[in-house]
Amino acid sequence: MASQAIFSSLWSSEASSSNISGMWSTSSTTTSCGWPLEIISDHRDLDLTTCFEHAVLMPVPLAITILGAIAQIISKRRRLKRPNAKDGLRWIDRNESSRKVCTAKVWLLGISALLATAALGLSLPSLTTNPLSSVHYLLYLITLLFLIHLTPLNFYTARQSSTLVLLFWPVYLLVSIVRLRTMIITGYLSLELTKTTDGRLILARESLWIASIIIGMFDFVLELSGPETKWNKSKWSRPFSKSKGKIHLDDSDEEADTVGQLNGGRSSNGRDEYGDIESPVLTANFYEKLTFSWLTPMLSLGTKKFLGEEDMWSLPPSDSAEALSERLSTAWEKQLEYVKKGSKSKPSLKIAILRAYGGPYITAGILKLAYDSLSFVQPQLLRLLLRFVTSYGTDSPMPPIAGYAVTILMFVTSNIATATLHQYFDRCFATTMRVKGGLVTLIYKKSLRLSNGEKAGRTTGDIVNLQSVDAVRIADLAQYGQIGWSGPFQIVLAFISLYNLVGWQAFMGVAIMVVSLPINTFLAKVNKKNQNKMMKIKDTRTRLMTEILNNIKSIKLYGWEKSFAEKVLDSRNNKELVLLRRIGLIGAASNFFWSSTPFLVAFATFATFVATSDRPLTSEIIFPAISLFQLLSFPMAVFSNIINSIIEAIVSVKRIEDFLGGDELDPKARQVIINPPGQGPKIGEPLVTIRDGEFKWINDSPQPILQDIDLKVNKGELLAVIGRVGDGKSSLLGAMLGEMTRVDGSVKIQGDIAYFSQNSWILSATVKDNIVFGHRFDPEFYDQVIEACALKPDFEVLPQGDMTEVGEKGVSLSGGQKARIALARACYARADIYLLDDPLSAVDAHVGRHIFDQVIGPNGMLRSKARVLCTNSVSFLPQADQVIMLRRGIILERGTYQDAMANNQSELYKLITGLGKQTEKGESSGSATPTVVGNGSDDEVEDDEGDESDENEKMPDSPQKERMVRRGTVSKMRRASSISIKQAKRDALRDLRESSKPKEHSEKGVVKRKVYAEYISAASKVGVSFFLLFMIAGQTASILSNYVLRFWAQKNTSAGDNTQVTKYLLAYGLMGISSSLLSVLSTIVLKLYCALRSSRKLHDAGFRALMRSPLAFFEITPTGRILNLFSRDIYVIDEVLVNALSGFMRTCINVLGVIVVIASGAPFVLIVLLPLGYIYRVVMKYYLATSRELKRLDAISRSPIFSFFGETLSGLTVIRGFSQTRRFIANNEARIDRNQACYMPAMTVNRWLAVRLEFLGSCLMFSTALVAVSALLISNSVDAGLVGLLMTYTMSITQALNWLVRTASEVEQNIVSVERVLGYASLPSEAADDVPDHRPPKTWPQKGGIEFNDYSLKYRPELEPALRQVSFSIKGGERIGVVGRTGAGKSSLTLALFRILEAAGGKISIDGVDISKIGLHDLRSVVSIIPQDPQLFEGTLRHNIDPTNSHKDANIWQALEQAYLKDHIMDNMGGTLDAEISEGGQNLSSGQRQLVCFARALLRKTKILVLDEATSSIDLETDEAVQQIIRGSDFEGVTTLTIAHRINTIMDSDRVLVMSNGKVAEYDSPDVLLQNPDSIFQSMVQEAGLGQSSSSASRKNSV
């Protein structure tokens, strides 16, 4: 009743305008206003009542703003009270000019509030007669007061403008304009008011109110600029100067905002904590986010220059890889906890992803729901518009404002739908980015914890595939996954709308869909099976590629390129593409059903309607129905693809779940105690203790690798571990590292560990980074380390010294250099315990002596540390404190060297003395023993180490000079401090930017036409022509079907009934079915012929060129980059590009068809279409310039992620041994952030484009409707069928033109993959495999004589020669030893002989044949090599020894027996040649891997054999046996070149070639050279601790 009284007293604006003058003389004149309120006025066409405006329209926005302001103020105040909480706030100290802007905003709001107060005061006299007016002014005043409080609060606590303020003023201005319009129309505001006092009061009140709004709009303008906008301080501070108070934006630096404060210490001056430019999205206001205008500066920059990585903005903090990883890891851990508690049977990755990133995705779902609902409003509005047009053919036409209102509503609805859709897409793509980043980091973290048993069952390629393929598939599903529910929802909405339009006949369409569902379900199931098979085939191909790239050096040296290439091409062409064709066929069938279903639904609906309904089928029914069918066609067409994507994602989820559920290293395998500096054990106290240890590498293996291990290693002790190949030396170190599974016993470690691995793992970084390895840089100690590790001479020859970037796996370094860098890394770590796995095997003898003396030995820099040295060299055993001998995983014997040599019955004694290496105990060991200067005892060392911080005070006053030198070294041996994780990430980002490694080649600007031409040529020009022909015919049939309906509707309208039903239905049906069939035919031609043909040709050309590339290419190109190209880019060519091309051509033809229809039906619309087309073209060019480069940057920045992952997997043991996992995780996150920073704008730029294009499309639609309504009102000659046809096609062209730009962009973005593959197809090639005109005889070489004649060699044209006019000759069957110091040119001789590098001058002849004139395969097939780094392939033992399958089993077994491998194979590998060799030969020891390479050489039986320190990892006993084979009858007549680090292995050579500075320094028999006291060889022998008798003895043994 109270509300009734208020509304009764409300002044009615419905009074006649003739009574206006009298109304104001009697203010009490009112008319009642009933309840409930009437919304639409009865007195004005399509207008609101003043009651509704006063009671609802004006106060509701004010009330909502007041409530919002109260909520924000309370929230911010509470968060300010807990600044350290996760959602806490801190005050931001703004600069002076920004503070003045804030003050100006408050003053403007204050003035506006004063005016509102005055207006409120003037409204009080009419409170009784017009109370709602006073209520409105009161609410307005309260709103302004709250905004006055909120504005500075938001300014000092937020980085963005207040959304509430930005929304309030435009909304309030809009409703105020509506109120003012009503007041003017009804006469409430007129000149008549000036004649009375009450009237003048009303004018004053409304004037004050309007002035208040105008001043408030100035506040709105200022609020558009965020709190962190930098204003020109000087001009703003002098408002009455020449600047006239104007506010200017200025780029100059000024007093920065300080936020000790903001986001945990992040600065607000435009750069993040890593020095990158912050993304403007962090400070963008509501409208900038709505229209994506924050991207405009990047697009503008993209038109002026080619964008580079330096132009990319950093990611928002919440989207960094670290934050994403933390969220997903937490969610996954909860899943694992549920499994442990028994509440779940297995963890669900899907639920974990949903919990981590599902919030914004659910919001996206709500937005999609709103968009879908708005989409179905348009057909209803079209129906109203057609009803309006039709009404003008009747006696009661609708009022003109109705037509204009529908037109405006269509425009507004379209723009709201656009904004909603692209906010939905923005959240979907952001979720895609988050899921991808989170999964990649989660997989990386898991890989760092993988147990060795688990890793043995997975190749590096398999694990990398999880990142590069599976994680991307799951993430990509987030882009369109919502269609999984939205599609059915749209279908339901379409049928509800159709039911309202045509009645129950719409359910005939439902019947058609019900029939089609089982067919599509069956096809989806078949497709799922095929997708599973496809993933396995891709894994196989990736695995083969990985094996080839990891072992490319061996493949090229042995001439096996063709054999391995055939395996990859077989997997690709005979399996992958065959299955892809099958998937394409099923996809075409599915596509036919989905694409024809909307037509069949329409046909069934119309046919049933005309057969059963009394109503005629007119334009008013047909064209809204067609709009609904078009809306129906999108979910129907896309739904099948989404189902396939969901199937693929489910498969990928299962694969990643299996990986994440894999076994991890047992954290309880060992007990690690890290003592604070200065509080650790003293000299002589145990640091490593193993009691009753029993260990396995693989948990399920039946026999342990190590048994009954009891061991102690004390501080300051050197423990030497010796044994034969495969006896468990490396496994013992693995047990100490916690890498093995502990079955029994206990392992206790006190202190940090530094580990030297036998394969000398090197990271693709600078030499310095490899040595420092995440520790703080200490220049003085660094110099000491490189001096001790004999690296200074190497730094002098490396191009950039220690800042030289080494290739992946250190391929640009020699084996000795890699070993010394890895040892330097261990030394620099200054750990407590050193585990050294044969560190001296890869270095020259004299260098080995230097390293032992300076680093490992009793006087070395590590003398105060616990050292466990696995070695095959007996020369250093006398200096060991303890020696243990392993035999088949058991400690067979232990003791001091002296004790072992005193007991001639001991196994240790037999091992040493029975090898012929220890010829004269006094001579060999004595000369090998370094002289201990001074009376250094254990007590003295303990003094050095007892308290290292006070060492200078504890040192004696007058020790020998050696003690003085050692003093500085030991004082520096305090535990190294690691850099922080933030610093590690900062360094990684810096290195990625500044790396001197060759960057991946990237084209710039528009993709060249040549690329398109080559792609079309590869796809077949005839095939492409048929594709276009079928597509044009299909589009023509589709247009004709709509024309059939138009003419039929005209006939029906004229007749008032359905006429010629059979004729028109038959024509419509034929056109519709033809359109669907032709569309599917075009798809079949494109996908099953053109796409597969181009895929095959491009892949094969790129891969063959890759295999023919010189070795230098692989040394400078990361494996991950190549794998990325042959996995991701080939996938794009196979599946993504073809879909993009299909979409682009289909849209082009669709647009052309629509233009033809519009031009023929209503040429006047072209007046609007032409300028809009020009604007489209400008926007397209503006957009493409940036999006093209962003796509390229995304592709290029993706490669380092996979490269780094592959490197990490190969160095897991080292990374874990040095406890560097957190740093490597940070490095990986830096690479992901770098890629995501390119991916984010690459995706968001599409939203920027679409918002603008769809707005232009809305303008076109609005113009068409406006022209149609105006023409109707002027001439009354417009046909409803024509309007319906035009509007239907105009509404479709809006989307079509948008998709045209999008698909053009997608084609150009994805054609980059073709560009990259073509780039590989044109790689520089090695010389030809075969030269028919210079093919040597089949019996060549008969003797194996080699002659170097003035031969010179350069690694690169601009470098100095590595070999300088080398001349020497080798007779057939001679055994030549090659020695020389580091950089002398020993390895260059091998590269020259195999033509890995071509001659810079001179020539090499073998048996008189110039090797530069024959084919590489002819050369490399007759020269064998046993490399220093043994490379094995995943697969069978037979495949590793004879990859070409050209030898019989008996010959292979003979080679294995001669290589001393047969017993191991029979006992431990099942006794078969099909025994599995794991990736890289990880299930064999290093020595066994070298023996496999030795078996290869034995099997090939070539006349020339090169041994590049081939026995460095073999134990002494086996080494001696191998040397006997080389000297025996099997190699009689074989020319042998032995590049030696162990001098004793070449003492029995026929001649010794001594290299120095790339020249031949000496070349004669060992005896002759040893007799010359000035000989370089003689000095090297002395340094190695070998006398002349060693040579004599060796030669005597060989005779």
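Backbone N, Cα and C atoms are what each Cβ position is placed from, and that goes for glycine too.
Features as listed in TrEMBL:
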TRANSMEM  55-74  transmembrane segment
TRANSMEM  106-125  transmembrane segment
TRANSMEM  137-157  transmembrane segment
TRANSMEM  164-188  transmembrane segment
COMPBIAS  232-246  compositional bias 'Basic residues'
REGION    232-274  region 'Disordered'
TRANSMEM  507-526  transmembrane segment
TRANSMEM  583-609  transmembrane segment
TRANSMEM  621-647  transmembrane segment
DOMAIN    690-913  domain 'ABC transporter'
REGION    919-1001  region 'Disordered'
COMPBIAS  937-951  compositional bias 'Acidic residues'
COMPBIAS  952-965  compositional bias 'Basic and acidic residues'
COMPBIAS  984-1001  compositional bias 'Basic and acidic residues'
TRANSMEM  1026-1045  transmembrane segment
TRANSMEM  1065-1089  transmembrane segment
TRANSMEM  1151-1176  transmembrane segment
TRANSMEM  1196-1215  transmembrane segment
TRANSMEM  1253-1274  transmembrane segment
DOMAIN    1346-1582  domain 'ABC transporter'
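Counting Cβ pairs under 8 Å that are 6 or more residues apart, the transmembrane segment (621-647) and the transmembrane segment (507-526) reach 3 or more and are in contact.
Mean predicted confidence for the domain 'ABC transporter' (1346-1582): the pLDDT average there is 83. Spatially, the transmembrane segment (1026-1045) is not adjacent to the transmembrane segment (55-74); fewer than three Cβ-Cβ distances between them are under 8 Å for residues at least 6 apart in sequence.
Count of Cβ pairs under 8 Å against the transmembrane segment (1151-1176): among 583-609, 1065-1089, 1253-1274, the largest is for 1253-1274. Panel annotation: around the transmembrane segment (55-74), residues 7, 10, 37, 48, 132, 135-136, 139-140, 142-143, 146-147, 149-150, 153-154, 162, 164, 168, 171-172, 175-176, 178-179 of the same chain, lying at least six beyond its termini, place a Cβ under 8 Å from a Cβ of the stretch.
Cβ atoms under 8 Å from those of the transmembrane segment (164-188) belong to residues 13-15, 17, 20, 44, 47-48, 50, 53, 57-58, 61-62, 65, 68-69, 72, 143, 147, 150-151, 154, 202, 206, 210, 213, 216-217, 219-220, 223-224, 285-287 of the same chain, restricted to positions at least 6 beyond its ends. Beyond the ends of the transmembrane segment (583-609), by six or more residues, the same chain brings 498, 502-503, 505-506, 508-509, 511-513, 516, 519-520, 523-524, 526-527, 530-531, 534, 615, 617, 621-622, 625-626, 629-630, 632-633, 636-637, 639-640, 644, 1041, 1045, 1065, 1068-1069, 1072-1073, 1075-1077, 1079-1080, 1083-1084, 1087-1088, 1091-1092 to within a C-beta distance below 8 angstroms of the stretch.
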